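Visitor: I'd like to ask you about the structure that follows.
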């Protein structure tokens, strides 16, 4: 890493850390004030008044819960908007990553809010109904319902939800696609399609992932990952507007993205997660945790003092019980669980790197990690305690060290 890039990455990391501190502090103050000032019972009462005006009395608790949820998410979106604007148009803009205009940003934010409500409200209403009618073993039915919903969302997300926000196009026929298909076949990965997503419309950060169940796997590559496809490496054609009205074209002095061999190495790492069963293991851990949480919820939901402590003296709404127990009571447990999952994730990343090494991709993965780190202005120096707690991926230098021997061979 040259000294100029090192300095840029240092300043970017400082700006991100400072922003994270202040936004986190605001979040803690806001949450504390809501609790101290009785914000949750106030919003529940307001939701009851709104649903009452619409002709739904107190017996329609699910309707009141949905109004409460809509108001709460709207409040969260409004209070979070200034922070999101600052992060996008000050920090990301300052360091050359933002590709959005204000118009694109707000259109995207409104679309996200609407899509979220279209999923959240029906799912929540069904979950509350299941809890109401489920009897003594409602927690089993609730867990099974959330399991089915999560699997359905994972299945349909990339085909039906993600295209609402980004343009997905099939990777054109050529050497790269042929090499990807050959590598997938060599490890029995049931690849059906390879897509390129126009991530450069909103940011110059890069990524790659795969999705799908059973024999229907797809690979998605961000155009910013591909040196030959990234719109950020191309000069805009004369008189070309259209997309440029929504996204700003920013010409860079050096090419962004990876060469084909490096892209294959990155995919070798990603496919390693599949081959080594990391995705299935994460799903199993997530569902075991979900079942445990619903079981403990069933144990605690009848305790009136929990509701009283949060300002609910006369009623015990199911949605409020879910919020109190999952968001507040489980908070210490969630912190410990998060740390354990972070440790596991780092272990999985080293294993996926080792898998790419076994495919003979060590040298290309080594150079790809360095190139992606530079493109994303990742700061290579990390405090071991901070990174151990916060980083789901091992620091760059640790990953390079693990790859170094194979690269030299």
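Here the Cβ of each residue, glycine as well, is placed from N, Cα and C on the backbone.
Pasting the relevant annotations from TrEMBL:
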type: ACT_SITE; residues: 270; note: active site
type: ACT_SITE; residues: 353; note: active site, proton donor
type: BINDING; residues: 269, 273, 349; note: Zn(2+) binding site
type: DOMAIN; residues: 1-167; note: domain 'CAAX prenyl protease 1 N-terminal'
type: DOMAIN; residues: 170-405; note: domain 'Peptidase M48'
type: REGION; residues: 235-255; note: region 'Disordered'
type: TRANSMEM; residues: 21-44; note: transmembrane segment
type: TRANSMEM; residues: 64-86; note: transmembrane segment
type: TRANSMEM; residues: 113-131; note: transmembrane segment
type: TRANSMEM; residues: 137-158; note: transmembrane segment
type: TRANSMEM; residues: 291-313; note: transmembrane segment
type: TRANSMEM; residues: 319-344; note: transmembrane segment
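What does the local environment look like for each feature on the list?
Guide: Cβ-based neighbour count (10 Å, all protein chains) for residue 270 (active site) stands at 17.
The Cβ of residue 353 (active site, proton donor) has 269, 272, 365, 399, 402, 403 as same-chain neighbours under 8 Å, each 6 or more residues away in sequence.
Residue environment of residue 273 (Zn(2+) binding site) contains 20 other Cβ atoms, counted within 10 Å of its Cβ in all protein chains.
On the 0 to 100 pLDDT scale, the domain 'CAAX prenyl protease 1 N-terminal' (1-167) averages 93 in this prediction.
Tertiary proximity for the transmembrane segment (64-86) is limited to same-chain residues at least six positions away from its ends with a CB under 8 Å from its CB atoms, namely 19, 23, 26, 30, 43-44, 46-48, 50-51, 56, 58, 105, 109, 113, 116-117, 120-121, 124-125, 128, 317-319.
Distant neighbours of the transmembrane segment (137-158): 119, 123, 126-127, 130-131, 168, 211-213, 218, 220, 286-287, 290-291, 294-295, 297-298; these residues of the same chain sit at least 6 beyond its ends, with a Cβ under 8 Å from one of its Cβ atoms.
Counting residues 6+ beyond its ends, the transmembrane segment (291-313) has Cβ neighbours under 8 Å at 35, 38, 40-41, 44, 138-140, 142-143, 146, 320-322, 324-326, 328-330 in the same chain.
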Visitor: Within the same chain, where does the transmembrane segment (113-131) have neighbours whose Cβ lies under 8 angstroms from its own Cβ atoms, ignoring anything closer than 6 residues to its ends? I mean 6 or more beyond.
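Guide: Sequence-distant neighbours of the transmembrane segment (113-131): 61-62, 65-66, 69-70, 73-74, 77, 138, 141-142, 145-146, 149, 153, 161, 164, 318-319.
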Visitor: I'd like the Cβ neighbour count for residue 349 (Zn(2+) binding site), meaning other Cβ atoms within 10 Å of its Cβ, all protein chains included.
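Guide: For residue 349 (Zn(2+) binding site), the count of other Cβ atoms within 10 Å is 21.
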Visitor: Please give me the CB contact count at 10 A for residue 269 (Zn(2+) binding site), counting all chains in the structure.
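Guide: Total other Cβ atoms inside 10 Å, all chains included: 24.
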Visitor: Could you state the CA-to-CA distance between residue 270 (active site) and residue 349 (Zn(2+) binding site) to the nearest Å?
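Guide: On Cα coordinates alone, these residues lie 9 Å apart.
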